[in-house]
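Asks: Quick one: the structure is below, and I'll ask about it shortly.
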Amino acid sequence: ASGARTSRDNGEPAVKRARESSPRIPKEPQNKVTVVLGAQWGDEGKGKVVDLLAMDADIVCRCQGGNNAGHTVVVDSVEYDFHLLPSGVLNKKAVSFIGNGVVIHIPGLFDEAEKNLKKGKGKKCHPIDCPLYSPPVFNFHQAVDGIQEQQRQQQEGKNLGTTKKGIGPAYSSKAARNGLRICDLVSNFKVFENKFRMLADHFLTMYSNLNIDIDSELEQLKKYADRLRPLVTDGVYFMHQALTGPSKKILVEGANAALLDIDFGTYPFVTSSNCTVGGVCTGLGVPPSYIGRVYGVVKAYTTRVGVGAFPTEQDNDIGEMLQSRGKEFGVTTGRRRRCGWLDLILVRYAHMVNGFSAIALTKLDILDTLPEIKVGVAYNIDGKPLPSFPANMDDLTRVSVDYKVLPGWCCSTEEARRFEDLPSQAQNYIQFIEDFLQVPVKWVGVGKSRESMIKLF
C-alpha cells in the first residue's frame, strides 16, 4: 500500500516528479535565438557579424525583408553578396531558413544561390528551407514599385528612394489579403493560376500603364514550383521543433535596420517590414520568451542610401572621404551612400526599441586618417533640446546637432587583432560609445575579412 502512495524511481517520490512535470510550472526555454540587427539606416556590416556567429550555428534564419537587403561577406578573399539567402549559408553544417516574414522573389532566390555557388568554386551549401506562409514577390510587383516611385516624383516632386524590387507592393498585397503565399504555389497549380490572374487583374485595374505578360510569368513560376517544392516546410512546426528539441544554436539575421522599420523608422522613408526585434517573432513564429541575446550592429560613422532626413550628414570633404575610404555603395542597387558622423542619439533610440545585449562596432578603420572625430550626442530645435528622437520627419530635418569632439589616431588599425592593439584614442572612442549608450561593445571591425573582427569579451 505504501508503495502505491509513494512509488519511487531513483529515490524520488512520484508526487514530486508529477509536480515538476506539471504544465502549471513555467519552464525555461530549451533553446533561445540569438539575433543580429542593424542599429542605423542599414549597411552597417550585419552580414560579417552573422557570418562570424554562423560558423558554429545549427540554424541561420532570415525573418523579414526581401532582396532589397544586401549583405557582403568575405571568406578566403572571396566576396559573397547575399540579398535573400541568410549570410550563414556559407556554413555547410547549418540549416538556412527563410522565414514567413520574408517576401521572396523566386527567380532572384535561385539566381543568387547559383551565383554564390560559382564563387565558392562549387562548394556545396546546406539546402535552404522556406516556409509555406511566405509571400512571393512577382515580376509585376517590381513593375508596380517602379510606377509608384515615378508617380510620387511627378505628384510631390520627391520619391522614397525605393530599390524597385517589388517589396512594398508585395507586402501591400499581403496586408490587403489578396496576395498569394508559397503554399499556394507548391499546391494545386491550377488553383494558384486562377488566384494569380485575379491578383494581376487587380494591379492592371489600378495602373493603366502596367504591362504584365501573365502567361509567360505563370509558365516560369510553374518550373520554379517544382524546384521549390523540396525546400518548403511548415515554418511554425520547424521553429517549434528547433526551439524545444535538443540543444541547438539558432541565429537570426535581421535585414535593413532599426531606422528603416515600418513602425519605428524615419517614416515614410522606410522599408515595408519590421526590422526591429519584434519582426523576429512575427517573421519566424518565435515566441518572445525564446528571444535570447540581441546584438546591434553599428557602423563607426553613419550612412544612408536614398532620400530622407540625416542630421549628422557631411556634404563636404569629410563625407567624401568616408564615402571613398568606406567604399560606400549599395550592395543591392549600387547607389552611392550619403555619409556623416556617428549619431548616438539615433543609436540610443534603436537600443530603446530593441534592447541590445551588446554592440558590434564596424568599419572603425575607415576613421584612421582623421585628426579629430565628431560624435552626435544631442538634438536641438530652435535652440531647445529635444528630449527624445522625433517621430515627425519635418522635425528631424530641422534639428541641429550637438557634437562631442574626440581626438583621432592618424594611424592604421587594420592589423589590430586585440583591443590592446588599438591606439589609445581608438580605445577611448569605443569606450565613449559604450558609456553614452550604456551598452557594451563586443566586437570591433577593422577590415573586410573574418579575422579583422576583434572580440572584446
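Counting begins at 1 with the first residue displayed.
Glycine is no exception: its Cβ is also placed from the backbone N, Cα and C atoms.
A TrEMBL annotation is a machine prediction, not a hand-curated record.
The feature region 'Disordered' is assigned by TrEMBL to 1-29. According to TrEMBL, the feature GTP binding site maps to 42-48, 70-72, R337, 363-365, 445-447. According to TrEMBL, the active site, proton acceptor annotation covers D43. Taken from TrEMBL, the feature Mg(2+) binding site covers D43, G70. Taken from TrEMBL, the feature IMP binding site applies to D43, E44, G45, K46, N68, A69, G70, H71, T163, R177, N256, T271, R335. According to TrEMBL, the feature active site, proton donor maps to H71. Here TrEMBL flags K174 as active site. Annotation comment: TrEMBL describes V331, T332, T333, G334, R335, R336, R337 as substrate binding site.
Surface or core, plus neighbours and distances: that's what I need for these features.
Replies: Note: K48 (GTP binding site) has non-local neighbours T72, V73, V74, T362, G445, K448, R450, M453, i.e. same-chain residues 6+ apart with C-beta under 8 A of its own C-beta.
Its Cβ taken as reference, D43 (active site, proton acceptor) is surrounded by 29 other Cβ atoms within 10 Å in the chains shown.
Counting every protein chain shown, the Cβ of N68 (IMP binding site) has 28 other Cβ atoms within 10 Å.
Counting every protein chain shown, the number of other Cβ atoms lying within 10 Å of the Cβ of H71 (active site, proton donor) is 25.
Around K174 (active site), the C-beta neighbours below 8 angstroms that are at least 6 residues distant in the chain are V103, P135.
Counting only same-chain residues at least 6 apart in sequence, none has a Cβ under 8 Å from the Cβ of G334 (substrate binding site).
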Asks: Should any of the binding-site residues R336, R337, L364, V446 have a Cα within 10 Å of the Cα of N256 (IMP binding site), which are they?
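Replies: Neighbours among binding-site residues: none.
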Asks: To the nearest whole angstrom, state the Cα distance for the pair H71 (active site, proton donor) and G45 (GTP binding site).
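Replies: Cα-Cα, rounded: 7 Å.
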Asks: Cβ neighbours within 10 Å, counted over all protein chains: which one of the binding-site residues T72, T163, N256 has the most?
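Replies: The most densely surrounded of these binding-site residues is N256.
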Asks: Out of R335, R336, R337, give me whichever of these binding-site residues has the highest number of other Cβ atoms within 10 Å.
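Replies: Result of the Cβ crowding comparison: R337.
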Asks: Please compare the binding-site residues G42, G70 by how many other CB atoms fall within 10 Å of each one's CB, and tell me which has the fewest.
Replies: G70
Asks: Tell me the Cα distance separating D43 (active site, proton acceptor) from G70 (Mg(2+) binding site), rounded to the nearest angstrom.
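Replies: Checking the Cα atoms of G70 (Mg(2+) binding site) and D43 (active site, proton acceptor) gives a distance of 8 Å.
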